[in-house]
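So that you can see what the record holds, here are the features copied from TrEMBL:
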type     : residues                       : note
DOMAIN   : 10-155                         : domain 'Phosphomannose isomerase type I catalytic'
BINDING  : Gln114, His116, Glu141, His279 : Zn(2+) binding site
DOMAIN   : 175-260                        : domain 'Phosphomannose isomerase type I helical insertion'
ACT_SITE : Arg298                         : active site
DOMAIN   : 337-381                        : domain 'Phosphomannose isomerase type I C-terminal'
Amino acid sequence: MEEVNGGALLIKLICCVKNSDWGIIGRESTVARLYYRNARIGIDQDHPYAEFWMGTHESGPSYVRGGEGGGKVTLKEWIERNPSVLGDTVLKKWGTDFPFLFKVLSVAKALSIQAHPDKDLATSLHKEQPSVYKDDNHKPEMALALTQFEALCGFVSLEEFKVTVRTTPEIVEVVGNAKAEQVLNLHQHDGKEEIRLLLQSVFTDIMTVRKDVIAEVLSKLISRLNFEGQARHLTDKEKLILQLEKQYPDDVGVLSAYLLNYVKLNPGEALYLGSNEPHAYLYGESVECMANSDNVIRAGLTPKNRDVEILCSMLTYKQGFPEILKGTVVNPYTMRYQPPFDEFEVDRCILPQNSTTVFPSIPGPSIFLVVRGEGTMTTSSDEVVAEGDVLFASANTSITVATLSGLHLYRAGVSSRLFELHK
């Protein structure tokens, strides 16, 4: 790809796959199907396909299709040679560091209970442990459901916290009777800080319990739930606990899941997560967008490296059910999902047969992903697109999208709120 001097530009990308063991196996995975179409590489029917990465992050870089050296020019390298494609506002705020990372997730079993550090903590962790925390950037993120999608996210409300302690003797066994009584005696008027500190204390007690103790406690918990399940309907959370224990036996994350909100998204609904908020994706497929970072601090439901002390100390301990984004209408075919972060927003465009829509020119870059169908994307010329195609659009590019058969398209771009502020 030759260097450019401003003007509208649309280029195809070759993208990267991750085969984490929590991914969906073989062709059942949307990630696998997109990767097969995009990179023109066969699918291994016995392997999990977990993540499809689109962007400039060094852990999974995208390449310019047809670039110099047979496609070996990364998008990051190409942007650094052609910084004008980002637009003045993005260049002024982030330089040539591409501000967001776009993904598709295919989740067969729970990811780790984790959180992403804020900017200050990310900077210090990267400085202290660069081999573990490879980025000095924060990582707010959003998951937009492609299928039914389940997650743990944020801490339960005060009332649910009290009910959980009252009805789960295994938690009382870990934290002790005195602390359990403190929880049961809490009231909303006790003050946010008092409630926050007690929640932090209970969560930390659970996360730091000895392995032999948690194994014994979980054994009692699973036996009790299986027994009670014969006489009553278990709650959704209790059913989830049984499922998590099968996936991660003797893992402290199974017990701590009681303290987190169990969220179920329908296709077209989105969940966003700020820094220092606990979460774990559980099941389903989604489009995900985040600030350009791969920093993860894990503490449960994982065989990977854990940093329990940092996680327990960094969390906000904010309580209550998270906001679910339904999207706002951009045009008859397009919904926009705009979390409160500068780095990104996502558009979901579903075009029926024989239809056309326009993505107007904006002052920043975009990445487009075709999830289903085929059609054309037109700037100064027509680009035929189909399932698995990923395209980078430069700033100030107006794109007309048309289809005869139907097309499902997603666009990630810098938050349009940022451009409104700089008008």
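Quick reminder: no glycine exception, Cβ is built from N, Cα and C everywhere.
Ranking the recorded positions His116, His279, Arg298 by the number of CB atoms within 10 A of their own CB puts His116 at the top. Residues Ala115, Lys139, Leu273, Glu277, Pro278, Val296 surround the recorded Zn(2+) site, their Cβ atoms falling within 8 Å of the Cβ centroid of Gln114, His116, Glu141, His279, which are themselves excluded. Non-local neighbours of the domain 'Phosphomannose isomerase type I C-terminal' (337-381) in the same chain are 8-10, 13, 30, 34, 54-55, 85-90, 93, 98-100, 102, 104, 140, 142, 144, 146, 268, 270, 272, 274, 287, 289-292, 325, 327-328, 330-331, 387-419, 422; each lies 6+ residues outside the stretch with a CB under 8 Å from one of its CB atoms.
Secondary structure counts, DSSP: the domain 'Phosphomannose isomerase type I catalytic' (10-155) has 45 helix, 43 strand, 58 coil. The Cβ of Gln114 (Zn(2+) binding site) has 24 neighbouring Cβ atoms from other residues within 10 Å, across all protein chains displayed. The distance from the Cα of Gln114 (Zn(2+) binding site) to the Cα of the residue listed as 'active site' comes to 4 Å.
Applying an 8 A CB threshold to same-chain residues 6+ apart, the list for Glu141 (Zn(2+) binding site) reads His116, Tyr272, Leu273, Glu288, Cys289, Met290, Ala291.
Broken down by DSSP into helix, strand and coil, the domain 'Phosphomannose isomerase type I C-terminal' (337-381) contains 0 helix, 26 strand, 19 coil. When DSSP labels each residue, the domain 'Phosphomannose isomerase type I helical insertion' (175-260) comes out as 66 helix, 1 strand, 19 coil, counted as helix, strand and coil in that order. With respect to their backbone Cα atoms, the residue listed as 'active site' and His279 (Zn(2+) binding site) stand 10 Å from each other.
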